[in-house]
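Below you'll find the structure, written out as structure tokens, and then a few comments.
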Amino acid sequence: MPPPPGQTRLPDWDGLKLRVRTLIASHRVMIFSKSYCPYCKNGTHIGGCDATFQAYKDGSLQKLLGDNQITEPYEYDLIIIGGGSGGLACSKEAAALGKKVMVLDYVVPTPLGTSWGLGGTCVNVGCIPKKLMHQAALLGQALQDSRKYGWQYEEQVKHNWETMVEAIQNYIGSLNWGYRVSLREKSVTYLNSYGEFVEPHKIKATNRKGQVTYHTAETFVVATGERPRYLGIPGDKEFCITSDDLFSLPYCPGKTLVVGASYVALECAGFLAGLGLDVTVMVRSILLRGFDQEMAEKVGAYMETHGVKFIRKFVPVQVEQLEQGMPGRLKVTAKSTEGPETLEEEYNTVLLAVGRDACTRNIGLQTIGVKINEKNGKVPVNDEERTNVPYVYAIGDILDGKLELTPVAIQAGRLLAQRLYGGSSKKCDYINVPTTVFTPLEYGSCGYPEEKAISEYGEQNLEVYHTLFWPLEWTVPGRDNNTCYAKIICNKQDNNRVIGLHVLGPNAGEVTQGFAAAIKCGLTKELLDETIGIHPTCAEVFTTMDITKSSGQDITQKGC
């Protein structure tokens, strides 16, 4: 009954206490609006509703509850989603350390239906076929040079696209098979299925026939990589190709428009032009964003003087098919980024190379609470490649703010397995990683671009040594003196330590790899000066540099 007028009924505190204690005793998890529960003497305080829900997602709640219950063992110690370079390296290392491992790998076909085998982007549609097609183009240049070296031939020399593609695809097929054999030898279970998280520690695997299986593991590694981005304009997915299609294209692409200024765009444009095709590159803003811009412009200038046309400050807005065929005919309409101007041109093939998107949005990460960068889909991790969910790790191109390079993914995968199962504490070093852009004139780099070095250390604290050079092999055929270029960036406040090394010339990857080890060991300008060069090589220019940018002296060369 209600209290008398003017009086307030006091709470039944003893009854409330009894009610709370009864609820606690009869439920394994309780959520209170208070920041703590004064009656939970033996329990574990997790937090409020959001914290409890997150604990359920990341599996820590289940672990707490598991202390007092019998739980089923996980099917695997480790499941890796993604059979690229990083995922395979991690799986084999973990298996070698005695763990039960599964790898899932599934290639979603491109809009044109292209797919490939085990091994990831690098092996199938990246580094390997790219370097081989680059080599094909270099051989064409070598044929031209050979006449000056006395080689005589009367036969008309021409390139056969189909022969090249068949040979490259046969080699890639052998690598795919080799990876499968290697996994089998190490007792790693391989599923050609699409992996998706459905609850903590559990994934759904769907194969090409739509058949579904479920698997559990104590630990997961996400190594799903990236795929080429489309423009989102009329005709892009219907009529354009990407690097995912190019390397197995069954016909010569003919007159080609390459859209983009990434290293993928310039590498593809370079070898296509080297094979004798009519190639145009359409650039929205700058070349090789993230790389040293002086070097990037020199890369572009060399390509332009060797047959590649550039359309700057334009973007496609529509691609129309004029005629079907292999190749067909396409009309591209493009708009200026600086005004109302438009242009139209016909091409046989349009290759999109405008960036890549992380394959993270459709694998159930949100189901288990793994955070991603919503802007780019990439996964933030700590310095041990662990995500915000304790049992989920990520490696490779999907990492937020890390280098997108195959050797980096391999190193990270191996070291992760060694930390998880081998008692190691060694972490992947993402600093001073060497790389090379395989454009017609190769560009190798290690360390800071000049712009970033200035931003990080201040221009007054840097000394940049540089020189042009003429490879001896180019002298007899009379090729491009004062085109190849090298520079080092030194920190004057740290004993002139080399913090950036850049080279534009033949075999730049081979040159850069050697100096990268020296840079990791603390290479200084004095040590370079004390090093005796191998003569005659391109790499020896780094041992004889004596002109600084700040001096303004002429760096042109009269001979090799």
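Positions of Cβ are set from backbone N, Cα and C atoms, glycine also.
Bear in mind that TrEMBL entries carry predicted annotations, made automatically and left uncurated.
Residues or ranges marked as domain 'FAD/NAD(P)-binding' in TrEMBL: 76-413.
Within 10 Å of the Cβ of C127 (disulfide bond) there are 18 other Cβ atoms, across all protein chains. Summarising the annotation, TrEMBL assigns disulfide bond to C122-C127.
On its own chain, G195 (FAD binding site) has I79, I81, L104, Y106, I203, K204, A205, I363 as residues at least 6 apart in sequence with a Cβ closer than 8 Å to its own Cβ. Residues annotated as FAD binding site in TrEMBL: K131, G195, D397.
The NAD(+) binding site annotation in TrEMBL covers G260, A261, S262, Y263, V264, A265, L266, E267, G355. Around S262 (NAD(+) binding site), a 10 Å sphere centred on its CB holds 22 further CB atoms from the protein chains shown.
According to TrEMBL, the feature domain 'Pyridine nucleotide-disulphide oxidoreductase dimerisation' maps to 433-545.
Remark: H535 (active site, proton acceptor) has no non-local neighbours by Cβ distance under 8 Å and separation of at least 6 in sequence. Taken from TrEMBL, the feature active site, proton acceptor covers H535.
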Checklist line | Helix, strand and coil residues within the domain 'Pyridine nucleotide-disulphide oxidoreductase dimerisation' (433-545) as assigned by DSSP | finding: 42 helix, 33 strand, 38 coil
Note to self: Please give the maximum pairwise Cα distance, in Å and rounded to a whole number, for the NAD(+)-binding set G260, A261, S262, Y263, V264, A265, L266, E267, G355.
What the structure shows: 14
Next item on the list: For G355 (NAD(+) binding site), identify the closest of the recorded positions C122, K131, D397, judging by Cα separation.
Entry: D397
Note to self: Spatially, which candidate from the binding-site residues G260, S262, V264, L266 is nearest to C127 (disulfide bond), comparing Cα atoms?
What the structure shows: V264
Check: If the NAD(+) site is taken as the center of the Cβ atoms of G260, A261, S262, Y263, V264, A265, L266, E267, G355, which further residues of that chain fall within 8 Å of it by their Cβ?
Finding: V258, C268, L288, A353, V354
Note to self: What whole-number Å value do you get for the CA-CA distance of L266 (NAD(+) binding site) and K131 (FAD binding site)?
What the structure shows: 13
Margin query: Suppose you look only at the domain 'FAD/NAD(P)-binding' (76-413); what would the mean pLDDT be?
Written below: 97
Notebook entry, point to check: C-alpha of G260 (NAD(+) binding site) to C-alpha of K131 (FAD binding site): distance in Å?
Noted result: 19
